Amino acid sequence: MTISIEKSVKKTQPSLFDLCDDWLKRDRFVFVGWSGLLLFPCAYLALGGWFTGTTFVTSWYSHGLASSYLEGCNFLTAAVSTPPNSMGHSLLLLWGPEAQGDFTRWCQLGGLWTFVALHGAFALIGFMLRQFEIARAVKLRPYNAIAFSAPIAVFVSVFLIYPLGQSGWFFAPSFGVAGIFRFILFFQGFHNWTLNPFHMMGVAGVLGAALLCAIHGATVENTLFEDGDGANTFRAFNPTQSEETYSMVTANRFWSQIFGIAFSNKRWLHFFMLFVPVTGLWMSAIGVLGLALNLRAYDFVSQEIRAAEDPEFETFYTKNILLNEGIRAWMAAQDQPHENLVFPEEVLPRGNAL
């Protein structure tokens, strides 16, 4: 007689973390993931705060301006404005000592701006982490997430680091089209931003990337060699086809004839298209960090002194300085009325050209 003894196998219950991990990473129409716990709530709150502010909230108490659709603004002039200078770097929490739980007072004090700025920054970081997470799940390299770090760096440097280096959130850009244009004028007038090499690298990166994208797209279209049956390019090819339908060799020969030099392989070509805009944006973010600390490395004082002493001496730099002084004299009184600024003669617009 044979007796079989079956060992009792104790089934281990999945932990709460495993259950959450399984649910978050489940295959669905919109991937959630752990990064989604940061991305979706923060993006929802940031966008909701912006729509609420531009629709209903005035900037009368912080800037002396109308800034909402309710007051008659349009899409270009509506904005969620920065808090007043008197608030300094307060986080302006709804339950904090400034608003004390009063939502109307919180909006009047610019609380929506800090709300949108902080939730917006965390939403962008969550989106970058989302790209990391999905790339890891499908075994891709993380270059998409690395590339997205560049616009995050620009956002954080302009909206958070720059005002932290100044006297308060007041000096950050407001969240609106005209508000950001005003901030650009402010940057030029008070920091001579267009002469800053870091700004120049940023412009070269963005415009260079646009040029590279245009050249790359046109070259691929020009070297298609397997025409499909569709009426146009968009319907001619199956998006899941395995084979390529354009010729890298033909493209290489074409640009070799145009410039005498061309990319020899796709890896170097696409890395360069990644490198140009990402490096440019990171350099501009570093430049804004310098402005936050009020660095004056690119003020050519010797030319300014000579232009002041010699009526016949003028350079493109001194012409720009003259315009900057006009911007300062015009903006400061409007932009900072609480300071009651009185300008001495030497800082008012002067010079030979105007």
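Using the three backbone atoms N, Cα and C, a Cβ is placed for every residue, glycine included.
These numbers come from a predicted model, not from an experiment.
According to DSSP, HIS119 (chlorophyll a ChlzD2 binding site) is assigned to a helical segment. Per Swiss-Prot, the feature chlorophyll a ChlzD2 binding site maps to HIS119.
What Swiss-Prot records for GLN131, ASN144 is pheophytin a binding site. All protein chains included, GLN131 (pheophytin a binding site) registers 19 other Cβ atoms within 10 Å of its own Cβ. The DSSP secondary structure for GLN131 (pheophytin a binding site) is helix.
Proximity of HIS199 (chlorophyll a PD2 binding site) to non-local residues of its own chain (separation of 6 or more, Cβ distance below 8 Å) is seen for TRP193, SER284, GLY287, given in sequence order. Residues or ranges marked as chlorophyll a PD2 binding site by Swiss-Prot: HIS199.
Annotation source Swiss-Prot lists Fe cation binding site at HIS216, HIS270, citing sequence analysis. Taking all protein chains in view, 16 other C-beta atoms sit within 10 angstroms of the C-beta of HIS216 (Fe cation binding site).
According to Swiss-Prot, the plastoquinone binding site annotation covers HIS216, PHE263, on the basis of sequence analysis.
Residues or ranges marked as N-acetylthreonine in Swiss-Prot: THR2.
Under the heading phosphothreonine, Swiss-Prot lists THR2.
Same-chain residues lying 6+ beyond the ends of the transmembrane segment (42-62) with a Cβ under 8 Å from its Cβ atoms: 68-71, 73, 78-84, 107-110, 112-113, 115-116, 119-120, 122-123, 126-127, 170, 174-176. Here Swiss-Prot flags 42-62 (among others) as transmembrane segment, drawing on sequence analysis.
Residues or ranges marked as transmembrane segment in Swiss-Prot (evidence: sequence analysis): 126-142 (among others).
Residues or ranges marked as transmembrane segment in Swiss-Prot: 154-167 (among others). Using a Cβ-Cβ cut-off under 8 Å and counting only residues 6 or more beyond its ends in the same chain, the transmembrane segment (154-167) has close neighbours at 82, 85, 88-89, 117, 120-121, 124, 173, 202, 281, 284-286, 288-289, 291-294.
Annotation source Swiss-Prot lists transmembrane segment at 209-229 (among others).
Annotated transmembrane segment per Swiss-Prot: 280-296 (among others), in sequence order.
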Tertiary contacts of the transmembrane segment (280-296), as residues 6+ beyond its ends and Cβ separation under 8 Å: 149-151, 153-154, 156-158, 161-166, 187, 191, 193, 196-199, 201-206, 208-209
Closest of HIS119, PHE263, HIS270 to ASN144 (pheophytin a binding site), Cα positions, binding-site residues only: HIS270
Cβ neighbours within the same chain of HIS119 (chlorophyll a ChlzD2 binding site) - under 8 Å, at least six residues apart: CYS42, ALA43, LEU45, ALA46, GLY49
From binding-site residues HIS216, PHE263, HIS270, the one whose Cα lies nearest GLN131 (pheophytin a binding site): HIS270
Residues of the parent chain within Cβ reach of the transmembrane segment (126-142), under 8 Å, 6 or more residues beyond its termini: 25, 31, 33-36, 38-40, 42-43, 148-149, 152
